[in-house]
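Per Swiss-Prot, the features are:
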type	residues	note
BINDING	218, 223, 241, 302	Mn(2+) 2 binding site
BINDING	223, 300, 302	Mn(2+) 1 binding site
ACT_SITE	230	active site
ACT_SITE	304	active site
């Protein structure tokens, strides 16, 4: 993306014009004042979707007059929203300018954008261009085939990406996980020839704050279902089961690159879930890192197992004061919220309100779903362990999974983000929630 270096006069220019709502129009010598569409002034998720759809149709050079958008907001009663509008435009542009991963011999051409804006907004533009770059990093890893991306490769990718940033990286290898007695993560890993990993990326930039936000990501680099193997269409796209890990790690690097004064750590639980000769089976009982025993009812409910140990690690070993996990956890989300909203579960109303504000500022639609002790009861019916990892009981499967995770938070507030229906759309990774997590961590910097 170019800043204040417009393309030639023959290029289209996008300006934002005022009406009862906001319109986006193109202006070019050969095609003047052609209206593209309208976007409600404060509906930033809709604004984001409209801009992305518009930019993806463009395969040419395009100038965007950001000053026209700023003036539009300043003249309106929603003048306080123009910073969010700028963020939305910049992250939409970086999303559309790049194809993060492709193995095509002739890659498709993307739009090239030059942004025109006043000097006083350059820092804001550059900040969110960086956020967009790390959204694209998450997308790149999401789209990479699982034969090229497994736990060891995932770790190396982030070690390289973080090499010049003020972060600390710690990698718990298989032997470390055994010493720690992370039985749930190790149990899922039993069927794979490749070892599990727990990747920890720490960024501490606010010594005056006692708050530490932990982002925990599910990193199943391929999910076959294990011994409860998936069939047909249910296995297609399971390379995206590591999306949560890619998203949380990318977010921490974005915060570090922009030197946001906050304390945050990413924890990525990495393994494959395969039906090898040594794979765990239904009826096995595993001991979690927090000491609880878990009976395996279904090996395809593996995400909550690896997350459970990672959440406990964030609470006990890293002294997190707030935990947010991101995971492609339950396929039911596609029926509940489709690809429009990400489902959010929270043990704390106050933390939910802060998260909702962050999502609004990021222009990402989220919807809170319920947690209730009744949802956990079917998982407590086992006579042989403290919990089962799943049940044949009908209804509220996504809420039940969230309640299972809450059993491992060690008293720390937990927000669970189920991105099963929003992580990838039309077989392309979206880097969903990188922007929201960035905004949430930035909120703590402003306290």
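Backbone N, Cα and C atoms are what each Cβ position is placed from, and that goes for glycine too.
Annotated features, which come from Swiss-Prot, shown on the structure.
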{"residue": "218", "record": "Mn(2+) 2 binding site", "DSSP class": "strand"}
{"residue": "223", "record": "Mn(2+) 2 binding site", "DSSP class": "strand"}
{"residue": "230", "record": "active site", "DSSP class": "coil"}
{"residue": "241", "record": "Mn(2+) 2 binding site", "DSSP class": "helix"}
{"residue": "300", "record": "Mn(2+) 1 binding site", "DSSP class": "coil"}
Same chain, 6+ residues apart, C-beta under 8 Å of the C-beta of residue 300 (Mn(2+) 1 binding site), given in sequence order: 223, 225, 226, 228, 229, 230, 273
Between residue 304 (active site) and residue 241 (Mn(2+) 2 binding site): CA-CA distance (Å): 12
Cβ atoms near residue 230 (active site) (within 10 Å, other residues, all chains): 16
Protein Cβ atoms within 10 Å of residue 302 (Mn(2+) 2 binding site), excluding its own: 31
Mn(2+) 1 site shell beyond 223, 300, 302, criterion: Cβ within 8 Å of Cβ centroid: 188, 220, 224, 225, 226, 228, 230, 241, 273, 299, 301, 303
Rounded inter-Cα distance in Å - residue 218 (Mn(2+) 2 binding site), residue 304 (active site): 8
Residue 223 (Mn(2+) 2 binding site) CB neighbourhood, other CB atoms within 10 A: 26
Long-range Cβ environment of residue 304 (active site), under 8 Å and at least 6 residues apart: 329, 389, 401, 404, 405
